[in-house]
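Shown next, in structure tokens, is the structure this report addresses.
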Amino acid sequence: MAGAAGPRAAPGAAGGDGDDSLYPIAVLIDELRNEDVQPPLESLATVEETVVRDKAVESLRQISQEHTPVALEAHFVPLVKRLASGDWFTSRTSACGLFSVCYPRASNAVKAEIRQHFRSLCSDDTPMVRRAAASKLGEFAKVLELDSVKTEIVPLFTNLASDEQDSVRLLAVEACVSIAQLLSQDDLEALVIPILRQAAEDKSWRVRYMVADKFSELQKAVGPKITLNDLIPAFQSLLKDCEAEVRAAAAHKVKELCENLPTEGREAIIVNQILPYIKELVSDTNQHVKSALASVIMGLSTILGKENTIEHLLPLFLAQLKDECPEVRLNIISNLDCVNEVIGIRQLSQSLLPAIVELAEDAKWRVRLAIIEYMPLLAGQLGVEFFDEKLNSLCMAWLVDHVYAIREAATNNLMKLVQKFGTEWAQNTIVPKVLVMANDPNYLHRMTTLFCINALSEACGQEITTKQMLPIVLKMAGDQVANVRFNVAKSLQKIGPILDTDALQGKVKPVLQKLGQDEDMDVKYFAQEAISVVAQRLRKLDVLVKDREEPRIPGADKNLFLIPRGPGEDTGKGPACQLHVNTRDTLAQLEIAELVHFLQSRE
Amino acid sequence: METKLPPASTPTSPSSPGLSPVPPPDKVDGFSRRSLRRARPRRSHSSSQFRYQSNQQELTPLPLLKDVPASELHELLSRKLAQCGVMFDFLDCVADLKGKEVKRAALNELVECVGSTRGVLIEPVYPDIIRMISVNIFRTLPPSENPEFDPEEDEPNLEPSWPHLQLVYEFFLRFLESPDFQPSVAKRYVDQKFVLMLLELFDSEDPREREYLKTILHRVYGKFLGLRAYIRKQCNHIFLRFIYELEHFNGVAELLEILGSIINGFALPLKTEHKQFLVRVLIPLHSVKSLSVFHAQLAYCVVQFLEKDATLTEHVIRGLLKYWPKTCTQKEVMFLGEMEEILDVIEPSQFVKIQEPLFKQVARCVSSPHFQVAERALYFWNNEYILSLIEDNCHTVLPAVFGTLYQVSKEHWNQTIVSLIYNVLKTFMEMNGKLFDELTASYKLEKQQEQQKAQERQELWQGLEELRLRRLQGTQGAKDGPLPRPTPQVAASGGQS
């Protein structure tokens, strides 16, 4: 359908009105894949809006693949040439992306022409075009004959790499990766490496940043020998660059660099040539640098082995664990598993603990959230005794955090811990503490008890659930806050599948039925929902229930059924109704609830 | 396993949750994020400007220029210039204080000397001067501390070496402005590469530096005729990159200010190159997100062009209408402001060409729910010249805006807007009472027709609803019948009770 309109669009029409809106057209035309659409695509390839142009070029590249070699030369190559010699820079930038697709299948004469065009665009007057050419240089080099790479691409690369604009020079670094893969070691050393070395010391930090950012690719492309001779010194200077951006980019690559070094003699190189620089970064003035390093430094331990790790790395880990910036500490803690494999976490535990405690009480809740997520991992590595002694109280404190997301994460954390340490541990250490909170004066904490029970009941099994948890839940059905009551209903629905018939029939059902008569609409709704679920469960348990009162389908009350209620929906009931937070405990809703609570507590 | 480490300080374990259920008040972090961000100590990183010179020589104060005989003056001058080419680390504010002071004093003296003493600028000192300036000002600008730097909201990052840099710029400026200055000599040193590096400095976050650069580039443009075309071309490249590639360049306003005065001096008829600059660079510049930072200068440039060549008006106005902001009301107000500036200088013959699309857009702005947009659009009617243009062309303009104005006068939430519209309608009435009455009548007729249509539509729906209910009863009655019929969903819940 769209195709019918596409080809008829006059070439001149593109660029007429609101270039952004042409983007979808460029996408659509792509689906036609017919040489008929070349003219409109050609004119789209000349508009200023970069997204449109790029998409048009992408489409043209696909079309080129559909051409036979003859048709390619008859229809496509002329188009590329037209674009390459266009007046306005836009068409010339577009042309840069098209050379590499028509080159491999062109005749020798045409090939020479294409190379000529590319050469002239590489020294174009407009920096925009030179940038486009530089970014396509690597791709173009790959389709060229090796001789041409040496005689033509390398000089172009050399020129672009010493362009007057740093935005061009940094793109040449990218091209360097592709070109290096094509050349022999000798040629590399003679032709490419001097330029790469120069780029690593460029006066513009953007170029140096690019070298740091592409370091692993470069390392792989030039091979181990050149890496040792040339790249390591370059890397060292990047690690102590005067711009933090560059240091951070280089720090990110430390692990990959070390991993990719030849295994033979690797340890010595790392210890003698890399570690001294890393040591300085640990006390860098910039937190981004430190945090970049912290995110990879632990990975070195597997490469260096136990003794080196203890001797060289451990002091660095410990220093970073005490860093003033929480992100640095978090990055270390989140990668503990690497170290655990090599030297065991005990080596660190003494320093770990203060770091964890501090993060656990950080003023920013996102930091607290992050550390909670590592708790199960830490618990597994530190063992149950250590955990009980030092970390248990932290985990319980999170349950009464004033941010809902933290309480929620703490609840999930408990479940994972129980899965790790078993039900007996849960019964002795966790469950009693959770249940005590049921008597808390703050209704949010009472609800946390319910949420914990929801999470823990399955992991704890039937016995603990029935004997310890259920009575508390049932007792809370009489709570004065409606939110607690309807959460009781929800909890009962949730733990229903774990309970046996007696408990369901004898204890749960009467309570739910009572809640089903509650004066509060939400409580009623959730109670009824729970009743139907419990009834189903009972039926499954093969119990004949012929109670008249049985499933009261919520649909009986049409309004209740059809309209999902949010906070503040029934405005007639005064401010208390805002507490009626609905089913999904989204953050936003809970925050409203907390706000209300906050206001109440101030009263 | 035995730990080798010294025991760390014992952690302060938080009290058990059962005992202290209420979180301590000091843990509440509330909404302090913004203030935290502000209070954050400035990230100290070394500037790219100062990359350590290994052989840092000690600077010793030289005799004063005014104290030496004229024969030794130039020799001393070039020694002073060499002294000023030594760079200092300003991030370490206590490092080499003596050296910094020597250089500062020397710079001050140079500024003084080049500004007041005649006969100092002889040919041999030019290379020394340009070298000293280049060494000091040309540097790669450091990465912005704040990647989302918003020139309207955030404090700019000030150049730490400003105490010296300012004097160098001042010296450069006085050098260019000196009556002894000879462009024919200087052009050997102030070449294209020099200008390109100068232009790159306009990205500096420090407004003081950009201010100096602006004046300097303007002088360079004035004195070096051979560089003019090159400067304009490089400005184009900067703008195009800014519009289509980066959306980040701090010196756009300053460059536009210079270009404003350059445009002012264009010879007539305008060259194609200049027209292309207007159409392909200045107009698209309106689409940039941070328009507010440089809008005043941009509008000035546009108006300058129109004052030069009125035939460009249609192109410009259609261009502005093409880039008219769809969602950003702040930008819309700016566009309206610029449009009024353009209308202030428009020729009646040009006005006729664009009146219809233009006033349709104005009408859309009047009906904007954002009262500032509506207000700004309505202010057009306070402008005597625009009013006279409207009056001359009321048979086209009035029909284009009347419907909207009339409707908005009844519906707009803001009382000021409503009263402004009443005034506008009143002027229309006075302008051409007959046309006004006709438009009112046709508007009312149109409304009536619309109402009628709406009523008909509603009746149709009502009829359908009744039909549905009747069928529903029919199906319920036939429920026990032998043939199963497709029952509407609503019936199912009715059957339950």
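Glycine too: its Cβ is placed from the backbone N, Cα and C atoms.
Listed in TrEMBL:
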DOMAIN    A:98-218  domain 'Phosphatase 2A Regulatory Subunit A helical'
REPEAT    A:114-152  repeat 'HEAT'
REPEAT    A:153-191  repeat 'HEAT'
REPEAT    A:192-230  repeat 'HEAT'
REPEAT    A:231-268  repeat 'HEAT'
REPEAT    A:274-312  repeat 'HEAT'
REPEAT    A:313-351  repeat 'HEAT'
REPEAT    A:352-390  repeat 'HEAT'
REPEAT    A:430-468  repeat 'HEAT'
REPEAT    A:469-507  repeat 'HEAT'
REPEAT    A:508-543  repeat 'HEAT'
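Same-chain residues lying 6 or more positions outside the repeat 'HEAT' (A:153-191) and placing a CB less than 8 Å from one of its CB atoms are 118-119, 122-123, 127, 130-131, 133-135, 137-142, 144, 146, 198-199, 202, 204, 206-207, 209-211, 214, 217-218, 221-223, 225-226.
Applying DSSP to the repeat 'HEAT' (A:352-390) sorts its residues as follows: 34 helix, 0 strand, 5 coil. Here the repeat 'HEAT' (A:274-312) does not touch the repeat 'HEAT' (A:469-507). Their Cβ atoms form fewer than 3 pairs under 8 Å, with each pair 6 or more residues apart.
When Cβ-Cβ distances below 8 Å are used as the criterion, the repeat 'HEAT' (A:114-152) is approached by residues 77, 80-81, 84-85, 89, 92-97, 99-100, 102-104, 106, 159-160, 163, 165, 167-168, 171-172, 174-179, 182-183, 187, 191 of the same chain, each at least six residues removed from its ends. Counting residues 6+ beyond its ends, the repeat 'HEAT' (A:469-507) has Cβ neighbours under 8 Å at 431, 435, 438, 443, 446-447, 449-451, 453-454, 456-458, 460-462, 514-515, 518, 520, 522-523, 525-527, 529-530, 533-534, 537-538, 541, 543, 576, 579-581, 583, 593 in the same chain. Remote same-chain partners of the repeat 'HEAT' (A:313-351), defined as residues 6 or more beyond its termini with a Cβ less than 8 Å from a stretch Cβ, comprise 278-279, 282-283, 287, 290-291, 293-295, 297-302, 304-306, 358-359, 362, 364, 367, 370-371, 374, 377-378, 381-382, 386.
When the repeat 'HEAT' (A:508-543) is classified with DSSP, helix, strand and coil residues number 29 helix, 0 strand, 7 coil. For the repeat 'HEAT' (A:469-507), the DSSP-based tally of helix, strand and coil residues reads 32 helix, 0 strand, 7 coil.
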